[in-house]
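The next block holds one structure in the form of structure tokens; read it before the comments.
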Amino acid sequence: MSAFKARGVENPSYEDPDEKQKPDLEMSKTNGIGVDNPSYYKNPEKYLGNENEEGKSNNDNEEEEEGEEDQGAVERCVNKFYGGIHNFYKRNKKIIHYTFLGLLLVGYFALVIAACIVNFKQSLALLVLTLIAIFFFFWDLFIAKYGDKIAEALKPCQKFLDNHWSIIRWFVYGALLLAVILWLTLDTAKRGANQVIPFFGLILYILLVFIFSKHPTKVRWRIVIWGLLLQFIFGLIILRTKPGLDAFNWLGIQVQTFLKYTDAGSRFLFGDDFQDHFFAFAVLPIVIFFSTVMSMMYYLGLMQWLILKVGWLMQITMGTSPMESMVSAGNIFVGQTESPLLIRPYLADLTISEMHSVMSSGFATIAGSVLGAYISLGIPAAHLLTASVMSAPAALAISKTFWPETKKSKNSTQTSIKLEKGQENNLVEAASQGASAAVPLVANIAANLIAFLAVLAFINATLSWLGSMFNYPQFSFEIICSYVLMPFAFMMGVNYDDSFLVAELLGMKTFFNEFVAYQRLSEYIHNRESGGPLFVDGVRQYMSVRSEAIATYALCGFANFGSLGIMIGGLSSLAPHRKSDIASCGIRALIAGTIACFSTACIAGVLYIPELYCPNLLMSTLFENGTTVNTTNLMSCCTDLFKSTTMLTPKNITFTEGFNTTMLNGCCTFFPSGFNCSEVRPE
């Protein structure tokens, strides 16, 4: 009891030690300390501090709250303003878009019209591109609105043809055969027999493909006839009509001009003397530039639009499946490994005949990215562009003859195909991605050229060593190819004397790659244009312009053994469970792609008529054969030679356009009155 009293109210000075340890509850309410806030006991320093500091922080908090209130008011006003703009845009989105687009179009058309008024010649390219874009824009609108109605209206005609095609087809085939015979008769009477040989060469190649076909009885001749007909129509428009020839020549010049902009990057990176190492520093950078442009076009959807249009044309005429048509059209613009990506979701469902067709199309054409490189070597751009277009239907025709379809395609309508746009976020990323994607391609080209040229040199050295044992040290890989492949070159319409050189190029392209062959062809072109001697140590140095053109078409494809491995590897990675089917198609697809290129060359041989190139005519006609074929051409060329000759003294004579003293002496023999020939000293 006393102890209790000692600790009770009777002893107010006494402090209970337990009570002493407890904090003031009023303080706990104010400062968040005490039993109501158990974390205080764990970290009391967080809640205890100087009273002055507490007062100061309270003042700061009040000021911050006032600032936050002011800032919140401003933010609310800004948010309200932008919210109003956003809502207005959402309500009038279409009107704003169309208004903005209309203003852009009005400004663009005003620019085009003003440019044409000020300088029509310089504005021609812009005008042509604008008119083409307008035409296809309204064409798409027309088809979108009336396409189904037109198809519905034509259904009775289609039904009638399907029911009576077994009879009608003989009239169609007879009319086509009669037209071909009349064409060849009239053309041969006018041009000579050079155009007849490639026609029979084309028939020979088709017969060979048919004889060795996988299923000869299953060949659909509609595909073959329409494929060849599309080839012929494309070639006729481009090679025989002046508007078509001028258009593709103009297009070739524009492409060459466009590719010249690559020099800016090459000069910056490699210096002003970059062309001293022409192939490495001038040709290969073009591949990077072209790949960049193609990637940008793909991002914008232009490539997909072009591919769909060309693929649609081949599908409705030839009757091939949408998959085959799209890949064949895509190969005009992209490479053999990129074009299958267009139908990547459908690769697993392709029939084996469709797979063979996809591979054949890749072998029969070249990629747009390397097209510029070939042009930079001096290969005529118009011929390369024409060959790229003509080989697309040829690949389908030959491949479907070599391996006909025996099953029904799972994707038989064009509406089942959807070509995706690029996955890049913007145009700059697309350009960067395209440039980066070209780096492995450039490295692959450079590595293959180094390897193949080295291997070719070794093979030639070995063959020369073997040949020297029989007193024939000239024996080489080129000579073997020139004799083995000479009949194929001759049947394309190449002159007999040039067929051995073209056969060499075919061998290089098939066993090495087309870059090696085109590089050698560019040397022949340069030798001819420089007006050098036709023979050096008994070796022919160049060929005729017509033979160069036919060779350009025959070489325009990836059909070589190196590409075979690339094709099988690329397709196998896209469709792993179809690897055995892909491998089984490989060799046949390679042969089909090669013959497709040959058929394109045959069509070119039938249609192509070279412009009169006087230095070549004078060298080959006057001094190789000793007789003239066309006196009118000879006289015209000699007249041009006399006009281009400047004679200061008998020993000081200058020429232009590839002429030389040998040609002058020859022309003086035939037309002595046309020039002061008495002053010319014979060589």
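Each Cβ is built from the backbone N, Cα and C atoms, and glycine gets one as well.
Going by Swiss-Prot, these are the annotated features:
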TOPO_DOM  1-97  topological domain 'Cytoplasmic'
REGION    1-71  region 'Disordered'
COMPBIAS  60-71  compositional bias 'Acidic residues'
TRANSMEM  98-118  transmembrane segment
TOPO_DOM  119-123  topological domain 'Extracellular'
TRANSMEM  124-144  transmembrane segment
TOPO_DOM  145-168  topological domain 'Cytoplasmic'
TRANSMEM  169-189  transmembrane segment
TRANSMEM  193-214  transmembrane segment
TOPO_DOM  215-222  topological domain 'Cytoplasmic'
TRANSMEM  223-242  transmembrane segment
TOPO_DOM  243-279  topological domain 'Extracellular'
TRANSMEM  280-300  transmembrane segment
TOPO_DOM  301-324  topological domain 'Cytoplasmic'
INTRAMEM  325-343  intramembrane segment
TOPO_DOM  344-356  topological domain 'Cytoplasmic'
TRANSMEM  357-379  transmembrane segment
TRANSMEM  382-403  transmembrane segment
TOPO_DOM  404-438  topological domain 'Cytoplasmic'
TRANSMEM  439-464  transmembrane segment
TOPO_DOM  465-502  topological domain 'Extracellular'
INTRAMEM  503-522  intramembrane segment
TOPO_DOM  523-561  topological domain 'Extracellular'
TRANSMEM  562-572  transmembrane segment
TOPO_DOM  573-585  topological domain 'Cytoplasmic'
TRANSMEM  586-608  transmembrane segment
TOPO_DOM  609-683  topological domain 'Extracellular'
Requested in this report: Report the DSSP secondary-structure composition of the topological domain 'Extracellular' (465-502) as helix, strand and coil residue counts.
Outcome: 25 helix, 0 strand, 13 coil
Query raised in the report: Under an 8 Å Cβ to Cβ limit, what residues of the same chain, 6 or more beyond the ends of the transmembrane segment (223-242), are close to it?
Result: 173, 176, 202, 206, 248, 313-314, 317-320, 382, 386, 389-390, 393-394, 396-398, 400-401, 599-600, 603-604, 606-609
Query raised in the report: Restricting to the same chain and to residues at least six past its boundaries, which positions have a Cβ under 8 Å from a Cβ of the topological domain 'Cytoplasmic' (344-356)?
Result: 321, 323-324, 399-400, 402-407, 409-411, 416-417, 571, 574-575, 577-578, 581-582, 584-585, 588-589, 592
Requested in this report: With the transmembrane segment (98-118) as the reference, find which of 124-144, 169-189, 357-379, 439-464, 586-608 contributes the most Cβ pairs under 8 Å.
Outcome: 124-144
Report summary line: Same-chain residues at least 6 beyond the ends of the transmembrane segment (586-608) with a Cβ under 8 Å from one of its Cβ atoms are 187, 194-195, 197-199, 201-202, 205-206, 208-209, 214, 228, 231-232, 235-236, 239-240, 356, 359-364, 383, 386-387, 390-391, 394-395, 397-399, 402-403, 488, 491-494, 510, 546, 549-551, 553-561, 563-564, 567-568
**Report entry** Stretch among 124-144, 382-403, 439-464, 562-572 sharing the most Cβ pairs under 8 Å with the transmembrane segment (280-300)
**Finding:** 439-464
Query - Long-range Cβ neighbours of the transmembrane segment (193-214) (under 8 Å; 6 or more residues past either end) - result: 180, 184, 187, 224, 228, 398, 401-404, 490-493, 495, 546, 550, 588, 592, 595, 598-599, 601-607
Requested in this report: Six or more residues out from either end of the transmembrane segment (124-144), which same-chain residues have a Cβ under 8 Å from its Cβ atoms?
Outcome: 108-109, 112, 115-116, 254, 309
Query raised in the report: Do you know the DSSP helix, strand and coil residue counts for the topological domain 'Cytoplasmic' (573-585)?
Result: 12 helix, 0 strand, 1 coil
Query raised in the report: Taking DSSP states H, G and I as helix and E and B as strand, how many residues of the topological domain 'Extracellular' (523-561) are helix, strand and coil?
Result: 19 helix, 4 strand, 16 coil
Requested in this report: Helix, strand, coil: count each for the residues of the topological domain 'Cytoplasmic' (215-222), based on DSSP.
Outcome: 5 helix, 0 strand, 3 coil
Query - Secondary structure content, the topological domain 'Cytoplasmic' (301-324) (per DSSP, counts of residues) - result: 20 helix, 0 strand, 4 coil
Report summary line: If one takes Cβ-Cβ under 8 Å and requires six or more residues beyond its ends, the residues near the transmembrane segment (562-572) are 336-337, 340, 347, 355, 358-359, 362-363, 448, 452, 512-513, 578-579, 582-583, 586-587, 589-590
